[in-house]
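For reference, Swiss-Prot has these:
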type	residues	note
BINDING	G180, H181, L182, E306	(6S)-5,6,7,8-tetrahydrofolate binding site
MOD_RES	K288	N6-(pyridoxal phosphate)lysine
SITE	H287	site 'Plays an important role in substrate specificity'
Amino acid sequence: MNNSALRAYLSTRAPDQIHSAFVAYLANLDLVAHQFPQIASDIVQELIDQRSYVKLIASENYSSLAVQAAMANLLTDKYAEGFPHHRYYGGCQNVDSIESAAAAEACALFGAEHAYVQPHSGADANLVAFWAILSRQIEMPTLSSLGVTAATHLSEEQWEVLRQKMGNQKLMGLDYFSGGHLTHGYRQNVSGRMFRVVSYAVDRDTGLLDYAAIEAQAKRERPLILLAGYSAYPRSINFRIFREIADKVGAVLMADMAHFAGLVAGGVFTGDEDPVRWSHIVTSTTHKTLRGPRGAFILCKKEFAEAVDKGCPLVLGGPLPHVMAAKAVAFREARNAAFKTYAHAVRDNARALADACIQQGMQLQTGGTDNHLLLLDVRPFGLTGRQAERALIDCGVTLNRNSLPFDPNGAWLTSGLRIGTPAVTSLGMGPEEMKRIARLIARVLGAATPVRTKTGALSKSAAEVPGEVRSSVCSEVRELLARFTLYPELDEPFLRAHFTRRPAGQNTCRRRDLNPYGVTPTDFESVVSASFTTSARAQPITRGTKGTAVHVVFLREAPCLPLREPLFFSHEEF
């Protein structure tokens, strides 16, 4: 399938036409394809797919090729349990250097006193923070009162008393249905099982945080941890007020800025809206508005540094040195002036998109946004969030359904959509494109209708969009994305030619594989055998699988998307 794509590229380009980023990308794929061609093909297909959809998922973005390259090296081979210069393994001097550099970059970027860059995910970071707080606030004072310095010195009876004490503390975070995250105390998550959770909610009428009500609840409950942050709240947070509340009740203020870390780093949220300034501990992911690798980190005041650095063995095992290297690169990138421009553009685009949605007659939770996301109520369209999500994906727009406050449709079907601007802003889109996207969303949702199940009842999960609407919207999506190319350094036709041809025996796909492309049975123009010579409208195919009845499907008009190669179906599947 592949006889050194890198060699082919270098042999056909003049020196001034060679792009170093593409060379690095090709070299990586060449190595992968030599061992496992399908994986290289799937990586290229993911690039094709991401270039084919307008990405409005608020928790996703596009990392730089430099960030990606920092992860593809031998650092992945190294165990480095512990923290810099205090490891459980020898020979970690280079990992010490990398982790220390990443932590220093994070501190400089956010103005933090201490940074811990080992967590693999936001959930991991929150667990480390929770246990660091429990350790410093509950465990260490208890050990001191017993005249010992470590839990290993306790008797079985003493340890059980301490364990029960640590497991009976209160966590007060934003309710899941008000926009809080699963890890903020949701009962189906470990956080809801390791604490006595006393969640606060947004105001039922305004959808906004009511700081007076939160203070009254905190005084009544007196939690160990007051947690501020969100995954689906479209407004900014006053962290100064949260800190004042925490101080009044003796709580530790923890902030989860996973969604808006890039807005903090870029100077969009400053003063009272800066969680790092006011919180004792701050957790975050690196891959959302911060545009880094998939991972997380923790920032904290000096008094919590020792407890946080014990994330291993408290919660984590070995860190991922190659990802910590990529985090360092991302933090350095975010310290550039260009990132500040980007961060402000993210919010400007979110506000422009919100205004345009309202002008299109759509209803937004809280009437707008202060950050990178907005919540759209789809009930006026007669749809559930799940139906709306599927209808838009079928038309080339990716986003996710989301519960609204006090949502009657629950957490699975939902009544809303969460829409974010980080990724489209990374592509260079601006307010005018946001207006166009709002029109596309309105057109799709206005045309979508629930489908009927086999029993004749209306489905709450599936919806269909008329073919002419889908075709029109997909055409606009293609035109829009053609002007804002993801990773323009990467030559897609070249990658297709060298990596996406399916080897014999692996060129079948199932009907459900077409769902992401918005293809329905009505799109089938004709079905012919692999050896059949057809008319000029459908080019013949020469590939097939040995011993299998394979048919090729020709699409009348591939709705949006990366269906530029024939799609194969086994006879049984078709």
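Placed from the backbone N, Cα and C atoms, the Cβ positions cover glycine too.
Cα of E306 ((6S)-5,6,7,8-tetrahydrofolate binding site) to Cα of H287 (site 'Plays an important role in substrate specificity'): a span of 26 Å.
Across the fold, the C-alpha of L182 ((6S)-5,6,7,8-tetrahydrofolate binding site) and the C-alpha of H287 (site 'Plays an important role in substrate specificity') stand 18 Å from each other. In three-state terms derived from DSSP, G180 ((6S)-5,6,7,8-tetrahydrofolate binding site) belongs to neither a helical nor a strand segment and is classed as coil. Between the C-alpha atoms of H287 (site 'Plays an important role in substrate specificity') and H181 ((6S)-5,6,7,8-tetrahydrofolate binding site), the distance comes to 16 Å. The Cβ neighbour count for the residue listed as 'N6-(pyridoxal phosphate)lysine', using a 10 Å radius and every protein chain shown, is 27. Neighbour count (other Cβ atoms within 10 Å of the Cβ, all protein chains): 15 for E306 ((6S)-5,6,7,8-tetrahydrofolate binding site). Of all Cβ atoms in the protein chains displayed, 25 besides its own lie within 10 Å of the Cβ of G180 ((6S)-5,6,7,8-tetrahydrofolate binding site). In this structure, H181 is the one among the recorded positions H181, H287 with the smallest number of other Cβ atoms inside 10 Å of its Cβ.
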